[in-house]
Structure formats: C-alpha cells, structure tokens
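Asks: The structure's right below; bear with me while I get my questions together.
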Amino acid sequence: MALGGPYFGRVGEVSSNDRTAYLPETAEATEVSRLAPEFTGSDEIPAIVVITSEEQIDSPAVEQIAASIEALRDLEAVGEEISPPIPSEDSLAVQAFVPLDPDADLGEATHAIEDSLAQDLPAGLDAHVTGPAGFSADLGDAFAGIDGLLLAVALAAVLVILILVYRSPLLPLIVLSTSVSALCVALLIIWHLADAGALLLSGQTQGILFILVIGAATDYSLLYVARYRDELRRLRGRAEATRAALRGTLEPVLASGGTVIAGLLCLLLSDLKSNSALGPVAAIGIAVAMAAALTFLPAVLLLCGRAAFWPRRPRHEPDADESAELAGHGGWGRVAAAVQRRPRPLWILTAVLLGLACLGVTQLQASGVAQSELVLTESSARDGQVALGEHFPAGAGSPVQVITAQEDLEETAEQLLAQDGIDAVTVASADSPSGSAEVTAEGIRPAGPPGAPVPEPTAVDGQVLLQGTLTEAPDSAAAEETVRALRADLAADGPAALVGGVTATAIDTNDASVHDRALIIPIVLAVILVILMLLLRAILAPVLLIATTVLSFGTAMGISALLFDHVLGFPGADPAVPLFGFVFLVALGIDYNIFLMTRVREEALRHGTADGVVRGLAVTGGVITSAGLVLAATFAALGVIPILFLAQLAVIVALGVLLDTFVVRTLLVPALVLDLGKVVWWPSRLWREGAR
C-alpha cells in the first residue's frame with residue numbers, strides 16, 4: 001500500500017482518451033491523422049467557439065465578440081492562428097476557431113476559454129466551446145471522478161456486503177485491505193509499464209482495472225476465508241488450518257484466475273489498441289488479485305487465527321460428521337435437496353426462460369453512437385454542436401480530410417463536391433492567410449478580391465490535403481454515410497486517396513470493433529473450453545458449462561437491450577460493448593461454475609455424482625453467492641462514471657453475474673448434472689468407475 005498508494009492519483013499522467021491513438025496503424029484515419037500536420041504546419045486541436053443570441057447580432061456586437069476572441073491569445077494553451085469571428089447568415093450566431101496545444105490539459109483550456117468569454121462578452125450572448133477540443137474536455141471531465149468517486153463507491157459497496165456476510169467487525173476489513181493492497185501493487189506495476197510505453201492506458205481501461213481488481217481479489221478472498229473457517233472447525237492449530245485451506249483453495253483460485261487471464265489475453269488479437277491494451281492491463285490486475293488472496297490474506301489470518309471471526313469464532317469440532325457439516329450450511333443444504341428432487345423439469349424450465357430472455361438481443365443497437373452522446377451528463381460541447389448545426393454547416397471545424405496526389409487534386413475535389421453531404425471544399429495552402437484556399441468546380445479561388453493571385457496548394461512529397469465541410473454534424477449517421485460513399489466512389493473510379501477526419505475515425509473504430517467481436521468471441525470460448533477440460537479432466541462437463549455460461553450471457557444482453565431502449569433511453573451502443581460484456585461475463589461467470597464443479601468433483605470422487613452435486617452446492621452456495629454479490633456490486637459502481645460505454649458495461653456485467661450466481665450456478669448447472677449423472681464426467685475415470 002505504501003508503495004502503490006501514491007499512484008492512485010497519477011494514472012491519469014500516463015493515460016490518453018484520444019480515439020485516433022487506439023486505431024490500427026493501417027487504418028485510413030490513422031494515416032491521415034499522422035500526415036495532416038505536415039500540410040497545416042501544426043498539430044493543434046481545434047476548439048470551435050459558438051456564440052449565439054436570440055436577437056440579431058449587429059456589427060458593433062461582432063466587434064465586441066472579435067475583441068473577446070482576440071483576448072483568448074493570452075491564455076496559456078491557445079495557439080496563434082485564431083480565426084476572426086464568422087457571423088452566420090441569419091445573424092443569430094458567430095463562430096470562431098481557436099487552436100489549442102495538443103499537450104495541454106484540454107479540459108482546463110476549454111474551461112479557461114468559457115470563463116474568459118463569460119466575463120468579456122456583453123449580456124444576451126451565450127458562448128459554447130465544441131469541436132474536437134470541446135468533446136475531449138467533456139470526456140476528461142467525465143473521467144475526473146475515476147480516482148476518487150468510483151473507488152469510494154466500489155469499496156463502500158463491498159464493505160457493506162462483507163459486513164452482512166461475516167457479521168464481524170474485523171474480518172471485512174482484513175478482506176478489504178487485501179483487495180486494496182492488490183490494487184496498489186497492480187497500479188504500481190501498470191504505471192511503470194505505461195510510463196515506459198509498454199502499455200497503452202485510457203480512462204475506461206483505468207476504471208475497469210479498479211473494478212476488476214477489487215471484485216476479483218474480494219471473490220478469491222471469500223473463497224479462501226470459507227475454506228479456512230471450515231478447516232479451523234476440523235483442525236486445532238492455525239498453521240495446520242492455513243496449510244489445509246491453501247491446499248483446498250489453490251486449485252480453484254488458480255483455475256479461476258487463469259481462465260479469466262486467458263480470456264482477457266485474447267483481447268491482444270484485437271485490431272483496436274484500446275481493446276488490445278485492456279487485455280494485459282486487466283490480466284496483470286487479476287494475477288495480482290490471486291497473489292494477494294493466496295499470500296497476504298493467509299498470512300494476516302494466520303496471525304489473527306480465530307479472533308478474526310469474532311464474535312462468531314469457529315470452534316474446533318474434530319468429531320463432527322459430514323451430515324453435521326452440511327447442516328451447518330443451512331439454507332443451501334435445503335436448496336440442494338430441492339434441486340435434487342426434480343432436476344429435469346427444473347433445468348428445462350430454467351433453460352427455456354433464459355432462452356426467451358435472450359430474444360431481447362434483437363433490440364440491441366450496437367452499431368456505434370455519436371460522439372456527442374458519449375457523455376451522459378450536461379455537455380457544453382453538445383449544446384455548442386446543436387447551435388452550430390442550427391446556424392452553420394454542422395460539420396464546420398471537423399471536416400473530412402482527404403490526402404491525394406497533387407496531380408489528382410482537381411479530380412479528387414470533384415468527387416468531394418459531388419457528395420450531397422459536403423457543403424464546401426478547401427485545400428491546405430501556406431500562401432493563403434487562413435491557411436487554406438477554397439476549391440470549386442472551376443478550380444482554386446483567389447484568396448482576396450478579383451485579380452488576386454491564386455494560392456498554391458501546400459504539397460508534401462507530391463501530395464496535397466483537401467478538406468470537405470460536412471453539412472451534418474460530424475458524429476451523425478448522415479455524416480458517416482457521406483464519408484462511406486466518398487470512400488466507395490474514390491475506390492471505384494477515383495484517384496488513390498486517403499480519407500480521414502473525425503467522422504472517418506469513428507467509422508474505422510466501429511468497423512474494427514465489429515471485426516474484433518467476430519474474431520475474439522469464438523477464440524475466448526475455445527480457450528476457456530480447453531482450460532475447463534484440463535481442469536475437470538472431462539469433455540462433456542466443460543461443454544455444458546460453456547453452453548450455460550453463453551446462455552447466461554445471451555440472457556443478460558437481451559434484458560440489458562430492453563432496459564437500454566425502453567427504460568434508460570440510451571441512444572445505442574458502441575460495437576465494443578457486446579465484446580467486452582462477453583469477455584467479462586464468460587471469463588468471470590465461468591468462475592462460479594469452476595468454484596462449484598471443482599468441489600462437486602472432489603465430493604463425487606468420495607460419494608458419487610448425485611451426492612457430490614448436493615454436497616458441492618450446499619458447501620459452496622454461501623461463498624459463491626457472496627462472491628457474486630460483490631462482483632455485481634463492484635461492476636455496478638462503474639455507473640457512477642457518466643460515460644455511456646461504462647454505464648452499459650455496468651448494467652450488462654452486473655446483471656449477468658447475478659444471473660450466473662442465482663440461476664445458472666444454483667439451479668441450471670446442478671439440475672443438469674444431476675439429470676445426466678456420471679456421464680457428465682465422460683471420458684474420465686470418474687465416468688468409468690464412479691457412482692451415479
């Protein structure tokens with residue numbers, strides 16, 4: 001804690017929320033983003049200032065606005081090339097382009113612009129900062145609570161659950177300190193790797209890491225504490241109980257954590273760096289969580305002994321028979337007996353109900369959402385974009401960027417001008433005072449009165465940069481259609497060209513996400529299936545466990561889709577939402593089946609499959625339920641960060657974990673195994689020799 005604690009507030013130093021930084025190197029938008037600064041001579045990020053009024057803005061007011069805009073030069077992050085105010089045709093709005101230093105804190109810079117304008121502008125004028133800088137600032141503000149609020153909510157939720165589970169003042173604090181210690185060590189490792197450039201971090205990766213480590217470390221700790229308490233009843237000495245508890249916990253924890261790590265590392269196959277970066281970051285978190293639960297926690301409990309459980313200290317009862325042990329698990333023994341009475345009707349009914357809930361997946365709209373919809377709270381950038389669209393071409397400030405050969409300039413410009421969604425076309429030109437020259441069907445227009453010289457396009461390695469102003473907002477579906485049509489026309493019969501910009505970045509990101517989803521989901525299933533086969537030494541049981549977990553995922557997605565559309569009113573979902581939901585639910589959801597089935601197999605070797613299921617469910621029921629509640633609560637805590645992606649992931653994973661805990665692991669899997677009998681262990685020795 002002493003070493004890793006200081007890094008809680010420093011992770012933001014090595015994080016980036018720039019979407020182009022996460023695209024594949026070969027994506028068109030990535031190449032354009034890399035090459036464009038060579039034509040403009042700057043890599044500054046544009047902030048679009050939109051000033052509106054309910055009454056017409058006259059010339060004196062425009063002059064006052066110009067003075068206020070000019071005063072922005074005194075701000076630290078503002079560049080030199082501020083545009084003059086541009087009045088709208090209806091005279092109800094004015095816009096200006098303010099370049100910002102890409103290395104500056106965009107949130108602070110944007111707020112400084114807003115504060116300066118609020119002081120300088122005359123009454124009756126409203127100012128908003130939108131465009132790439134404005135939306136980046138919104139994201140930064142939304143992630144601002146990730147170090148404090150998210151962690152506080154997650155830890156508070158876990159502490160409440162632990163107090164209810166253990167009814168002890170000391171034990172919850174020991175378990176929670178294990179989880180916090182794991183997070184400190186994970187942050188220490190990840191910060192140094194990210195600082196060295198070995199890992200790529202974003203705000204959402206940071207949030208998921210916090211939740212994953214706290215939830216997983218607590219789950220593994222719950223499993224160890226339950227086994228340690230049982231061993232303290234059976235054995236007198238603390239050291240003996242510790243050794244026995246570690247022997248009984250080591251296999252399921254390593255199997256569970258190893259399965260999660262294997263599933264997460266499949267994300268390395270992703271084209272999107274944001275996805276592939278999450279894999280190793282989260283895998284490190286899980287590995288540290290396992291290590292903490294198997295080293296730090298046993299050491300602390302060894303020191304505390306039975307006192308850790310005060311006031312419900314486990315008594316040494318070496319003569320207690322197994323029936324008394326089962327009776328000690330109370331309600332879960334009765335649940336196991338109820339499942340045993342009618343297993344076939346139970347698993348069929350459960351599977352049918354879960355299958356019906358899966359139908360809600362058809363309502364899921366995971367084709368991407370507008371950049372302006374990513375933040376769920378009030379947004380000045382979103383308000384500014386709305387105002388921009390009402391008075392100007394909505395795509396002003398975030399144009400389509402096209403890089404083409406200099407000799408193909410006219411032909412490429414014709415392709416741009418032919419698009420219905422393009423309002424105007426310019427070419428980068430150092431000769432023009434504004435840095436660009438307008439291009440029409442007749443060619444490049446003079447930069448000034450009639451007779452003025454025609455600016456020469458800026459050429460870099462024989463290429464030029466064209467920019468097309470979109471008629472619709474750059475993050476709208478209409479803008480995406482325009483860019484896709486432009487790319488298709490250029491590919492079909494146009495010159496060779498690269499198409500980039502804000503809209504193209506969103507398109508390339510969504511396309512890469514769809515590709516990742518189709519590639520990674522089957523690989524995750526195959527990897528986890530192999531691990532389960534090695535763990536259970538069988539083929540049929542792992543296949544059934546995978547099938548039930550996938551059914552649980554489908555149910556969670558179906559119910560979540562209905563909630564998103566009809567209750568929460570979300571505008572859609574990122575294509576990565578189903579992928580992340582799948583990886584976390586399948587990798588984490590299989591945990592509970594591993595906890596259950598490793599104990600069932602252990603009991604089946606001594607008592608036969610039927611009794612093994614009953615005993616395994618009775619003994620693990622309490623700890624798995626507690627673990628499920630903890631994990632669901634920690635993922636639900638992601639909802640306090642007002643980012644659409646994280647809010648949706650919180651709903652899907654929390655709901656899926658609860659389904660796994662209370663339905664799949666409690667009813668479906670035990671009933672299915674009881675109905676099939678020892679055949680589930682095919683082709684292992686337990687199938688050949690074990691009792692039904």
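Backbone N, Cα and C define each Cβ position, glycine as well.
Because TrEMBL annotations are produced automatically, they should be read as predictions rather than curated entries.
So TrEMBL has the following annotated:
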TRANSMEM  142-166  transmembrane segment
TRANSMEM  173-194  transmembrane segment
TRANSMEM  206-228  transmembrane segment
TRANSMEM  249-270  transmembrane segment
TRANSMEM  282-305  transmembrane segment
TRANSMEM  346-366  transmembrane segment
REGION    430-449  region 'Disordered'
TRANSMEM  518-536  transmembrane segment
TRANSMEM  543-564  transmembrane segment
DOMAIN    546-674  domain 'SSD'
TRANSMEM  576-596  transmembrane segment
TRANSMEM  617-645  transmembrane segment
Asks: Look at every Cβ pair spanning the transmembrane segment (518-536) and the transmembrane segment (346-366), keep those 6 or more apart in sequence, and say whether at least 3 of them are under 8 Å.
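Replies: Judged by the Cβ rule, the two regions do not touch, with the required three close pairs absent.
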Asks: The transmembrane segment (282-305): which same-chain residues, six or more beyond its ends, come within Cβ distance under 8 Å?
Replies: 170, 174-175, 177-179, 181-183, 185-186, 189-190, 193, 205, 208-209, 212-213, 216-217, 220-221, 223-225, 228, 232, 238-239, 242, 245-246, 249-250, 253-254, 257, 260-261, 264-265
Asks: Flag the pair the transmembrane segment (206-228) / the transmembrane segment (543-564) as in contact if three or more Cβ pairs fall under 8 Å (sequence separation 6 or more).
Replies: no
Asks: For the transmembrane segment (543-564), could you work out the same-chain residues 6 or more beyond its ends whose Cβ comes under 8 Å from its Cβ atoms?
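Replies: Answer is 351, 354-355, 357-364, 525, 528-529, 532, 570, 573, 578, 581-582, 585-586, 589-590, 593, 597, 648, 651-653, 655-656, 659-660, 663-664, 668-669, 672-673, 676, 680.
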Asks: Count, for each of 142-166, 173-194, 576-596, 617-645, the Cβ pairs lying under 8 Å from the transmembrane segment (346-366), and report the range with the highest count.
Replies: 576-596
Asks: Mean pLDDT across the domain 'SSD' (546-674), rounded to an integer, is what?
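Replies: Overall, the domain 'SSD' (546-674) comes to a mean pLDDT of 88.
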